[in-house]
Amino acid sequence: MRINGHTRMAAVVAKPIKHSISPLIHNMAFEKTGVNGVYLAWEVEAKDLQASIENIRRYDMFGVNLSMPYKQEVIPYLDELDVSARLIGAVNTVVNKNGILVGYNTDGKGFFKSLPSFAIRGKKMTILGAGGAATAIIAQAALYNAEEIFVFTRQASYEKIVSKMAAISHQTKSRIQVLTLEDADSLQDKINQSDLLVNGTSLGMDGVSMPLPEQLELPSQILVADVIYQPFETPFLKWARNQNVTAVNGLGMLLYQGAEAFELWTGKPMPSQEIWQCLEELYK
């Protein structure tokens, strides 16, 4: 990587963020595409978020990615929001368009791009959880014209999630049904109807927890996906593979949401396959 007077910056803004592999992904992409850029990790306090966003304009940066806890907090400091960011109510990518700061959410697009030979249009999806990553996937599935989306959430969050999903359903004219994770019979019924089952919760990051009861059975044609990429095989994915269905972890989502951001910044496609091979070696 050559850094000179023409090098432009991009960064990921969050707290904590030192653990992020986004700098590895994007700096590899800059190098392989010949784009004169560098990507850093900015660990920013909440009181400094506005100044950090203003620096995008000040230093003519490509833009930034955002992670927790700033995906919603950043919105008042932006000039425009893309349709996906507006629908989800969260931003993970800011693009500097000649001094106009535009917020996008590439998580949902990245997720669906990571699925092998699968298109959600006209299909049914069951998703566990309705937090940030799950909401991005739900909204993108709605924008991609999924036939029906079944959202399972904890009883304690049910009323809040019903309201949130009603807003997405209204804006996209999609069919979204919210049910409780505690209702195992309904969960089995909706899984049986679905083409895609997604774990959108953090359950499994410890290598032990399951987001659903292990006695549930999967139909043979279903595709199973997890948003978690560490561990590489979560208990949820192992459970699915033991039932002989295709199961995909969250590493591809991480890569492809970054690829969407990279192309928005540079106008060039990220060499995703080359970078994927490096990531697989790191995390397998």
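A Cβ is built for glycine as well, from the same backbone N, Cα and C atoms used for every other residue.
The annotation shikimate binding site is assigned in Swiss-Prot to S20, I21, S22, S67, N92, D107, Y229 on the grounds of sequence analysis. S67 (shikimate binding site) falls within neither a helix nor a strand when secondary structure is assigned with DSSP, and so counts as coil. Packing around S67 (shikimate binding site) is summarised by its Cβ count: 17 other Cβ atoms lie within 10 angstroms of its Cβ, all protein chains included.
Taken from Swiss-Prot, the feature active site, proton acceptor applies to K71. Counting Cβ atoms from all protein chains shown, K71 (active site, proton acceptor) has 24 others lying within 10 Å of its own Cβ.
Sequence-distant neighbours of A133 (NADP(+) binding site): residues of the same chain at least 6 apart with a C-beta under 8 Å from its C-beta are D107, F111, G200, V227, M253. Under DSSP, A133 (NADP(+) binding site) is assigned to a helix (H, G or I) in the three-state scheme. Swiss-Prot lists G129, A130, G131, G132, A133, V227, G250 with the feature NADP(+) binding site, giving sequence analysis as the kind of evidence.
Just so you know, of the binding-site residues S20, S22, N92, the Cβ with the fewest other Cβ atoms around it within 10 Å is the one at S20.
Rounded to a whole value, the Cα-Cα separation of N92 (shikimate binding site) and G132 (NADP(+) binding site) is 10 Å.
All chains included, 21 other C-beta atoms sit within 10 angstroms of the C-beta of G132 (NADP(+) binding site). In terms of Cα distance, the recorded positions that sit within 10 Å of G132 (NADP(+) binding site) are K71, chosen from S20, I21, S22, K71, Y229.
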